[in-house]
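Colleague: Once you've had a glance at the structure underneath, I'll fire off some questions.
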């Protein structure tokens, strides 16, 4: 995500730096999918909670959403070209509350339905419902419609990633068979839905294109919809651009996110993996703090927007890995993670039991810390 926000990658074939274009769009999708895994972890893992336990879990999720929304409000006062995703993140948490009781297969079915129809709704609703503020430079008065359909990460599309991540967490991060299934299925989805564009282009270029110049806007409104001319359905449905939200991008990049998470969890089960994954686990234990730091640093380093040579992106990545790794050796989680955890616990009345936070049957501590707002179990 740091790379995606700090540089415009060269076009395919112009040099090794073009490979960095792969992160555009996919970093945010991974972020959303990890959010779903985190929601599953903090709401019982493979256990379906009920009664008071379910109420406490929902209060915990709601408390985290409140803190994320406050942080998003603070970041909105910083002049930056980065589309801060935390308000959407908080909104996804609220929308997920009814789904905390759903079975894994139900979560996957609903996720697939959103993946199939989400883009249609996002494209049409701003035009079909004028009161939703289509074309308005200021969408502040339409907060919910904006987060549902007209932001860069509309919930009608991106909840597919959240629910898919929840399904992965519900199957269990200690369920080797399920993890292998997600790994294989995710890779198949990635390759299958990317194939038409790769074959049509005759090269892997569609996988590495950087269209941030045109895809990112101050409002996030879908540019395939024009109030004067209607909807450009071909562009709306047949596209593989980052953040386009089409069926092809959702299934391909969403599948890759699931495969990556499942693969890393499987890798984490190996005895020697602790040292290999140390740079990732450090950042993963305080991802929310790292995200906020990257927004603040990049807004100061490149106030005019994205830069072409990577600017501070590489150094910032290295700095975050080192700083987060060092912090994690002393503290159980980052400062913002501790804040969200404290507010969530207070709202829930008391902390969710350790067995429910981690899941059951010995889910790994690293898994329990997944997500930009999660903290280590047993704080």
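Positions of Cβ are set from backbone N, Cα and C atoms, glycine also.
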Colleague: According to TrEMBL, transmembrane segment applies to one of these ranges: 84-100, 203-219. Which one is it?
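Modeller: Going through 84-100, 203-219 one by one, TrEMBL gives transmembrane segment for 84-100.
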Colleague: Relative to the transmembrane segment (107-129), which of 61-78, 149-169, 181-199, 247-268, 275-293 accounts for the most Cβ pairs at distances under 8 Å?
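Modeller: The listed stretch sharing the most Cβ pairs with the transmembrane segment (107-129) is 149-169.
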Colleague: Mean pLDDT for the domain 'DUF418' (244-298), rounded to an integer?
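Modeller: It averages 89.
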Colleague: Go through the chain and flag residues at least 6 beyond the ends of the transmembrane segment (149-169) whose CB is under 8 A from any CB in it; none is fine as an answer.
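Modeller: Hits for the transmembrane segment (149-169): 28-29, 32-41, 45, 83, 85, 88, 91-92, 95-96, 99, 102, 104-105, 107-108, 110-112, 114-115, 118-119, 121-122, 125-126, 132-134, 139, 142, 178, 182, 216-217, 219-222, 243, 245, 250, 254, 257-258, 261-262, 359.
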Colleague: So which of 61-78, 84-100, 181-199, 275-293, 313-332 is most in touch with the transmembrane segment (247-268), counting Cβ pairs under 8 Å?
Modeller: 181-199
Colleague: Look at every Cβ pair spanning the transmembrane segment (84-100) and the transmembrane segment (61-78), keep those 6 or more apart in sequence, and say whether at least 3 of them are under 8 Å.
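Modeller: Yes, the transmembrane segment (84-100) and the transmembrane segment (61-78) are in contact.
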